[in-house]
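*Asks:* From Swiss-Prot, here are the annotated features:
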| type | residues | note |
| --- | --- | --- |
| SIGNAL | 1-22 | signal peptide |
| DOMAIN | 55-229 | domain 'FAD-binding PCMH-type' |
| CARBOHYD | 244 | N-linked glycosylation site |
| CARBOHYD | 417 | N-linked glycosylation site |
């Protein structure tokens, strides 16, 4: 009885402390003129719902920022009251890191800041607010200026998390990662200062922002180099019909050889299977269907027999964004529908030898027997001789995977009205482990935009940032020594 009473008293005290903290932070925000989300309102209910409903967290308060000054004041209030701060742009983090990955943060909700502030038609540089989502930014740049940037395929993803950690999509082989378009930023630091960062100003901070940006501050303005929106693209697909392990092994190895040595910049593609047991190739080609067929024929000539080339579709830029969005529109200014899932990733220099054998064995022997929910894998061609991603070295930005040919996403989803079972984590864990055990540690990593929150902080930052981790730890100690922008897989400050 006594222990139960002490436990209950502790819970009451903790709850009271949380209320006091919430009252204090909301009072500070209000005094500074920062809009806040009030519990029970529609805004609060929208902003507190995570994309991955498996990982709900409750912030101490939500600052609904609408200006750079609001962001600055929010960080200053958090510093004053010794609260951790997390910035949420689109809210699409697989690990709910926009909430802080735990309860009790001050959440800076950025998605009321969605404007393209300015565009310079001489330089092609656009200044963009941090809460815009990819589809909205693509729509505005295309419709108003006839311009584009390289980015991922999910239109509801916020630009800030996407850009800050790389940003891969069906334009990356042609135009590089989303982060490669970043030429400057306006950042609110942990001490509340507002600074500019670029290749010539605060260059060390700029380096860290380009690949590990969530660790150092909140970007209030992204300055992006755009390119002319393409007028002719081709959506293509190939049904592979791999009926046995031998054909799958030969097929993946054929794709690897083509991707590494032959595939021109214009070919952006992946192998994917969406739980049906029949993988295919899908992608975008920057040019006409006839040009795609000529460019892709060397791969078709080496694939195992039985494949079927699907009809192609000619698209303009914004149609191509819509084509792979899985929605009927792309101009998202509110969150995407929620899901209930666990995901993992790999970045690989190669998937030949025992690595591909283990991948295929697991696919046929384990994965294809999982029939009670939706799962998928995507083997994206990330690097290769002609990939624009590899034209930048690992040392030039904080993004450390440019020497990797493959970016793989593994995704396991239950219905939203179900509970993701503890016993199901072993499905993807086992698949990833089957591959990595066959490779030296230097030949693989993981991608934080497909975050796996079950990894501890030190292991996660090692696989996310690889050879750049030590430099990032020193930058963290310089710009955020008290870990104000902490989340469970944030870089540690180490002097």
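Every residue gets a Cβ built from N, Cα and C, even glycine.
Show me how these features fit into the structure around them.
*Replies:* Confidence over the domain 'FAD-binding PCMH-type' (55-229), given as mean pLDDT on the 0 to 100 scale, stands at 99.
Look at residue 244 (N-linked glycosylation site): DSSP puts it in coil.
According to its DSSP assignment, residue 417 (N-linked glycosylation site) is coil. Within 10 Å of the C-beta of residue 417 (N-linked glycosylation site) there are 7 other C-beta atoms, taking all protein chains into account.
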*Asks:* How far is it from residue 417 (N-linked glycosylation site) to residue 244 (N-linked glycosylation site), counting Cα to Cα, in Å?
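*Replies:* Taking the Cα atoms only, residue 417 (N-linked glycosylation site) lies 35 Å from residue 244 (N-linked glycosylation site).
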